[in-house]
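Participant: Not my notes, these are from Swiss-Prot:
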DISULFID  C98-C190  disulfide bond
TOPO_DOM  1-26  topological domain 'Extracellular'
TOPO_DOM  48-55  topological domain 'Cytoplasmic'
TOPO_DOM  77-100  topological domain 'Extracellular'
TOPO_DOM  122-140  topological domain 'Cytoplasmic'
TOPO_DOM  162-198  topological domain 'Extracellular'
TOPO_DOM  219-238  topological domain 'Cytoplasmic'
TOPO_DOM  260-272  topological domain 'Extracellular'
TOPO_DOM  294-329  topological domain 'Cytoplasmic'
TRANSMEM  27-47  transmembrane segment
TRANSMEM  56-76  transmembrane segment
TRANSMEM  101-121  transmembrane segment
TRANSMEM  141-161  transmembrane segment
TRANSMEM  199-218  transmembrane segment
TRANSMEM  239-259  transmembrane segment
TRANSMEM  273-293  transmembrane segment
Amino acid sequence: MPKLNSTFVTEFLFEGFSSFRRQHKLVFFVVFLTLYLLTLSGNVIIMTIIRLDHHLHTPMYFFLCMLSISETCYTVAIIPHMLSGLLNPHQPIATQSCATQLFFYLTFGINNCFLLTVMGYDRYVAICNPLRYSVIMGKRACIQLASGSLGIGLGMAIVQVTSVFGLPFCDAFVISHFFCDVRHLLKLACTDTTVNEIINFVVSVCVLVLPMGLVFISYVLIISTILKIASAEGQKKAFATCASHLTVVIIHYGCASIIYLKPKSQSSLGQDRLISVTYTHHSPTEPCCVQPEEQGGQRCSAQSRGAKNSVSLMKRGCEGFSFAFINMY
């Protein structure tokens, strides 16, 4: 039912971490800022290495570079305002700024989903059809696949942002989160949001279930091909090229599915925040981990090993923070 005699909202306030004590907020600020800087530097290192080393000018590393760029933009869309909110918890955000944040969050988040799917297809072609790999995964095809992923992200984001901010927001202006998210914004609308929730669910299915299904099919075919390899060493190398990508896929789609595909009745504010904190800080560190071993068994360069060490540090920090967050919530 629409709410009558209400004033339309022009700005929102994030509830974020307002329930925590000030000393806890300062600890979170230091941890988040450190992880944020490590994330940015780690992605820049990866992009620089791929750009400078001509041996890495392959489809696999092209998509890795695109994923690093996308993850960097995704992180920049969320974390800076969250850090500001930890120091100034009562800082409002204008509806236009909230819409902008949601747009970039959705664009690059959805782009990440489809880039991971494309990377799975790349591994499928490399292992199941190696003789035609260079023909199928040519420069033009790689650019088209990367552009298609971004195009889908832009299209889905426009649909979602237009759907959400076409609603009236009256009286209620406190978002029970630390960034502008579709599910939490819909709760503040002073009108029926059934259609919007259906749109959100359909988009979530298209962005999560469909890519997950494609990745699953790719890996079924990949595993069946690997098992046919006579050499145990050959099987090991083939599995190694896919293991890190598969790990990232499970974490990425797993966290996103828990947040966006579960029924509204099972939505838990504390659980959503915990998963979102882990997701937004953990996922951006992962592109650097999707570095399959060279099929020829060559060792990574010193720069690549350094980048991986930085990522390991980031992942340990994220895991430690998540544990602390659970205990303090």
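Backbone N, Cα and C define each Cβ position, glycine as well.
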Participant: Just how many other Cβ atoms lie inside 10 Å of the Cβ on C98 (disulfide bond)?
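Facilitator: The answer is 25.
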Participant: Can you tell me which of 27-47, 101-121, 141-161, 199-218 gets the most C-beta pairs within less than 8 Å of the transmembrane segment (56-76)?
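Facilitator: Per the Cβ under 8 Å count, 101-121.
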Participant: With every protein chain in view, how many other Cβ atoms are within 10 Å of the Cβ of C190 (disulfide bond)?
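Facilitator: Total other Cβ atoms inside 10 Å, all chains included: 18.
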Participant: So, three-state DSSP: helix, strand or coil for C190 (disulfide bond)?
Facilitator: coil
Participant: According to DSSP, does C98 (disulfide bond) sit in a helix, a strand, or coil?
Facilitator: helix
Participant: Excluding the flanking five residues on each side, which residues at least 6 beyond the ends of the topological domain 'Extracellular' (77-100) place their CB within less than 8 Å of a CB in that stretch?
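Facilitator: For the topological domain 'Extracellular' (77-100), the sequence-distant neighbours (Cβ-Cβ under 8 Å, at least 6 residues beyond its ends) are 9-14, 16-18, 25-26, 28-29, 32-33, 36, 108, 161, 164-165, 169, 175, 178-180, 185, 280-281.
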Participant: Can you check how the pLDDT averages out over the topological domain 'Extracellular' (162-198)?
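Facilitator: A mean pLDDT of 87 is what the model gives the topological domain 'Extracellular' (162-198).
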